[in-house]
Every structure is written in structure tokens, then in C-alpha cells.
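All remarks here apply to the structure that follows.
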Amino acid sequence: MTEPIITIDHVSFDYVTYTKQSGLSGSWHDLFHRQKQRVPAVQNVSLQVAPGEILGLLGANGAGKTTLIKLMTGILPVRAGSLQLLDDQHPFQKRPAFLRRIGVMLSQKSQLAWDLPPLDTLVLLREIYQVPHDRFTDWLAFLTDQLAVTAQLKVPVRKLSLGQRIKFELICALIHTPEILFLDEPTIGIDVSSQANIYRFLQQLNRDTQMTIILTSHNTKDIEALAQRVAVINHGRKIFEGTPNGLIAQYASAATLEVVTDAPLTTLPAHVTQVADSQYLVDAAALTTLPIDPQHILSVHRRNGNLDDILTRLFSQEVAP
Amino acid sequence: MSYWQTFQNALTTTLTYRGNLVLRLLTVSVEIAVASFMWLAVYRFSGQDNVAGIGSSQMVVYLAVVNVLALIFSASPIFTLSALIRNGNLSVMLLRPINYFRQSFWTYVGQATPYLIIYGLAIAFISPVFRRGWGYGLASLGLIILTYVMFFSLISGVSLISFWLVQVWPLRPVLNALFLLLGGQAFPLQILPSAWRWVALNPFALAGNQLTLLLLGKLSVHQLTIDLAMAAGWLVLAIVVVKVAAAFVPMRGSAVNG
């Protein structure tokens, strides 16, 4: 592995929250005796990311993915352990030189001025990040063209669709060509066509510029399309790190294939069980080849072998403290 | 240049809602009219043609100017920061390699520009400020700028309370009342008994009462000097408050110091 661009070493972070009792008497009690509670959001996580890599962070709601991104970007301070991004060991100090090298798109948080066209915000960002004017013009033309939003550059943000807004948020995060791009739920709430457009664009960007991308998403399609490596976070702990295929290989439970054919089979081969009209279960452990004519196969999946199934099972497991 | 762009965007946003701008000016005009009628009635029934050295026609001008100043010296940064904290967008702002407060200042200037133009035109063409010599004119300009920066800094200091208070909207009527009473929006502070004259040195009075007197040409060189010193003093205090308070909130690094 080349020199990592991100090194997270045994990092932990606790949130302090206050519990609230229900009802009027509870509220009265809370006025004078608030119950403080420490919530461990990230626990002893270690991770390394190589330059040019696309890392997917997977986890259920509240698993600690976004907190980890906030620690990496310096929004939150590291309470325990150490964290180094690029050559900065203290992202929380938010040195301008450090901030100019990262781009961040946080889900449901907006950089865009609601009443102004996206172009006005982008021009502001050009000045903030000191992007040369000619480079800005060319880069912006490229980005808007790739994401198919050139026509919306001068339309007030409040009049844009959600998909168009998300694309402009992505452009805001990229306008200064950061070395590391953090994307928190980049495709939430947008249609499949726009999702495909974003996937293709990010793949090209990563390939052409070697930009490192850290991606969190609940949408496993995002991870499957983009991530070269994944880290699974559950209850603040890292429970898996490896390739998406490695994750499937490790957690797919049974060597059983689900096969869908274009018509019901006339004869049922050995080790094949019919579950519906044209749907069969094949015991892969007992066979070396598929005993069904490939011309009639519509799809083959390993049972419990898709990311959604695996993650559902993983997230429902409690992790021992 | 980034601050210039911030200013432009804030001004454009203000002008985008032309209806709101016009409505606000109309509302203020009604407030001025009501206050003026009330004071004209006071003049009429008291049988005096001046109160604390201010004639009835000057009182109407005073009320008009002080109400425009109330628009310029708004408490909007408190509510802007509170909204950013509540909706989580503060994270996005803090990730920009730019000083949050400086950016906020230029937004403040951009939002107040239409009213600043009204006050500026009045100072340039109606007020006797520049007819009292260039020294006085420049000192007056200095007082206006210093008071503006001071008031913004003070409001920014107060805005940091948003990190501890979930809702800051109850502060709005309090701040309005402070400007109304301590800023001289309801009445010129000169009518207070001499033992209470020190009230005119509070930040709200510098922003409202004193800048109105300046425009009316009623500020002596001595008063102007005292006001300049007080504005500088309040500014230093406000900067200290912001620096100290910012140390306890998650706004480290360039967001505050850069």
C-alpha cells in the first residue's frame, strides 16, 4: 500500500446528550435535574485510505458513519486516538490550507443560497478558494455539462428540483478540485437516472484525477457502483473492512443459488428445488456446474448474497462491548 | 474578494424580495407617522416649541432617521447563527477556509445597504455634517463606521448564545425594546434628566440616538469625541466577548481567527 492519505488510529468520540422524561411532571423535573448521557458514537476505529481510493462507509442510522466523516473533516474534535489527513494531524483546527484540500458534501446540508442562482454561490466559492477565473470557467463548464445542469446555473435554487440541487451541491464540493472528497448520502432522494449520472461522473473523476473519495450511503447501489473498498460501522465500531465482494463472500450464508428462468423447467434436475413458477433454488455445494440451460436463465443470485441482505443481518446484530 | 462577493450576494438576496423591502419601508413609515403625531400632540398641548432643544419639525426628522437606523442596526446575525446551528448548516460554513464573522459582517452590510444608502444620502445632502469642516466630516464618518462595526461585533457576541439556547427568538422583542428605550427610537435621550445622560453612551444609543443627532447637526465636537471613544471601548469589549465565547464553542481555527 502506498503512503496513506488518511490514517485513523484508534479514534473514539462520545456525544453528550440530555435525556428528557415524558409528560408535564417529567418536563418539570428536567428543568432542575437534567440527566446527562454520554453516547459513544465512534469507538476505537482504525482505518487507512490510500490516495485515489474510493472507500465506502456502511452502517445503519446512527451507526457512526457521519460522525467519522465529521471527525475526518475537522467539524468535530478527536477525543481519543489520532487522525491524520493529508499532512494535517489536527483537522479540527481547520487550517485554511487544509480546508482548501478537502471537499465535503453533507446530506441535507446546503452550501447553496436559497434565493440566488447556483452560479452566485459558485462564484462566492471561487473567491473563497481562490480559484483562478479561467480555470473556474472551464471546470464549471465541464462539471455542469457532465452532470447535465448547465441550463439551471442561473435559475434560483428554490426553483430547482431535488436532483438538480444535489448535483449543484456536488459541484460546490468539487469547485476547488479537492484532493479528498467526502460524500455523505450523495444520492438520497434522487431518481435512478440522476443516480446513474452521478455514479458515472464520480467514476470518471476518480479515474482521471485520482481524487480520493470517502462515501457514506444507505443505498447499497451507491457502494456497489463506486466503492473499491468498504468499512462497515455498527454501533460505532468497525466490524468489517475489505472489498465489497469480500464482504459478500464473508457473510453470504448459504451456498444456495436463486435462479429465475424464462419458463418453467420441464424436468427438475437433481439438487434443484422449485419455489415458484419459474424460480428455483440450486444447492451449489452439491454441484460443479449449473444443471439448467443458460439460454433460459434470466438471473442467477447467491441466496442471501446481496449487500442489502447481508447488511440487514449485520446491522441487526448487537455488538458486544 | 470573497467578502465583496458575500456582500453582493447578500444585497442581491435583499433585492430579490422587493415586496418585502417595500413592505418594510411602509411599516416603518407608519411607525414614524404614529410617533410623529404623538410628539406633535405633545408640543401642541405643552405649549412649548422645543423639547430638550429639539423643535417640532426637527423631532419629526429625528424620528424618521432613528427608525431608519433601527433597520440598519438589526439583530439579524443572532437569528442567522441560530438557524445555522439548528439546521446543521453551520458545519458547512465552518468547512470554508474563511472567517465566519467577517463573512457574516459583509452579509450584514449587504442586507442593510438599501437603508445605508438612505442614511448616507441624508448625511451627504441634508445634514450639515460636511458643512462644519472636513475634520468634523471625517470624524463623523469615522463614528458611523466605528459604531457600525461595534454594534455588529456586540450582536455577534450575543449570537454565540445560540450554542447554548435552543430557541433564541425570545431575544427579538428584548432587543427591539432595548433599541426602543436605550437607542432613542421612541424619544430622544436628551429629554432624560441630566443624571441619566450617561444612558446616551450605551451601544444602542450610539447606534440610534447619537447617529441621529449627528445627522441633525446637533453633536458638538466634544460629544463627537466622547462618542468615538465610547464606540471604540464597546468595540474592544465586544471583540473580547466574541473571542472568549468562541473558545467554548465548536468554531475553532480559521472560522474565528483566520
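Cβ coordinates are placed from backbone N, Cα and C, and glycine is handled just like the others.
If you check TrEMBL, you get these features:
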{"type": "TRANSMEM", "residues": "B:21-41", "note": "transmembrane segment"}
{"type": "TRANSMEM", "residues": "B:61-85", "note": "transmembrane segment"}
{"type": "TRANSMEM", "residues": "B:105-126", "note": "transmembrane segment"}
{"type": "TRANSMEM", "residues": "B:138-166", "note": "transmembrane segment"}
{"type": "TRANSMEM", "residues": "B:173-192", "note": "transmembrane segment"}
{"type": "TRANSMEM", "residues": "B:228-249", "note": "transmembrane segment"}
Stretch in B:21-41, B:61-85, B:105-126, B:138-166, B:173-192 most in contact with the transmembrane segment (B:228-249), if contact is a CB pair under 8 A: B:138-166
Ranked first among B:21-41, B:61-85, B:138-166, B:173-192 for CB pairs under 8 angstroms with the transmembrane segment (B:105-126): B:61-85
Same-chain residues near the transmembrane segment (B:21-41), Cβ under 8 Å, at least 6 residues beyond its ends: 14-15, 56, 59-60, 63-64, 67-68, 70-71, 114, 186-187
